[in-house]
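In what follows, a single structure is set out as structure tokens and then discussed.
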């Protein structure tokens, strides 16, 4: 029953072709990067977006000019450099943040912390000042720490709303769906595996027992599949051999999550996506679970559902690392000059 409840209500393809319209201003912060460019392309292609505001520290005017030639309704503006950040954010309904440095071979998401923590704190500060009621969707890694960072910055400004702050973990769900479909010979568009926990290594917890349609694997194959989902990002980093990390699949996943947020804001009912958010579901302050989205953000946290014994072990194993990542993010903001 729970697995059926969390089935995504909108595929990316359907979002791109939908006739429903919304006058949403969406900002992409980090729009010139490896994730930002394909993400901006997907957003430009959607009738849910009326104004696409692109920001980065370089090359944004070119990206904006290129996208503005596409025959879809979204007006595109390009904003470059710190002096134009405020203008990029004013009046935004949704802000998507793929900004930051990507992983290279041998790096963990945590190795990105020092650089990306500063970037996310700066961007969250600008959001707090210019669009405090926007939905904030953070892709920048390490997500396990960058969501606590953004949350603490918003608190300092007195505008923190936990129902509007999301860590985008959708790529874990997309990967789980693809890998399960591959192993079982299913149509991946019809597979849904909820993924809970966080967005790094063993904190990524795919709930294969709640997959729709129902699937079963022998214990050794289940362990191998779980490990592949948890380390799928490293698989891409190694395959790109120093040329970057997961950008195209992350752009797809980021667009899927953004479209779900926009659909829910537009009044569509039953929109569910997993996301890393402020949570009371476990002993961790932040935890990813399936969320029912509404006009004002999170309408209801759908929780962990019924876990198998194997999945309960995965949750227990993730707690120490997840708590440490959350504390690291909170401490970063507390110690900011």
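Counting begins at 1 with the first residue displayed.
Note: Cβ is positioned from N, Cα and C throughout, glycine not excepted.
Quick look at what TrEMBL annotates:
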- 199: active site, proton acceptor (ACT_SITE)
- 30, 31, 32, 33, 34, 35, 36, 56, 116, 139, 140, 141, 250: NAD(+) binding site (BINDING)
- 103, 109, 141, 175: substrate binding site (BINDING)
- 25-167: domain 'Lactate/malate dehydrogenase N-terminal' (DOMAIN)
- 169-333: domain 'Lactate/malate dehydrogenase C-terminal' (DOMAIN)
Here the binding-site residues are 116, 141; which one has the lowest number of other Cβ atoms no more than 10 Å from its Cβ? 116
Between the C-alpha atoms of residue 30 (NAD(+) binding site) and residue 141 (substrate binding site), the distance in angstrom, to the nearest integer, is 13
For the binding-site residues 140, 250, which one has the sparsest Cβ surroundings, going by other Cβ atoms within 10 Å? 250
Greatest C-beta neighbour count within 10 angstroms, which of the binding-site residues 34, 36: 36
Summarise the model's confidence over the domain 'Lactate/malate dehydrogenase C-terminal' (169-333) as a mean pLDDT value. 97
Separation of alpha carbons, residue 175 (substrate binding site) and residue 250 (NAD(+) binding site) (Å): 10
Starting from the Cα of the residue listed as 'active site, proton acceptor', work out which of the binding-site residues (36, 140, 141) are within 10 Å. 141
By DSSP, how many residues in the domain 'Lactate/malate dehydrogenase N-terminal' (25-167) are helix, how many strand, and how many coil? 65 helix, 30 strand, 48 coil
Listed in sequence order, the residues of the same chain lying six or more positions from residue 32 (NAD(+) binding site) whose CB sits under 8 Å from its CB are 54, 56, 57, 58, 59, 60, 62, 63
Residue 140 (NAD(+) binding site) to residue 175 (substrate binding site) - Cα separation in whole Å: 18
Per 10 Å Cβ neighbour count, which of the recorded positions 175, 199 ranks highest? 199
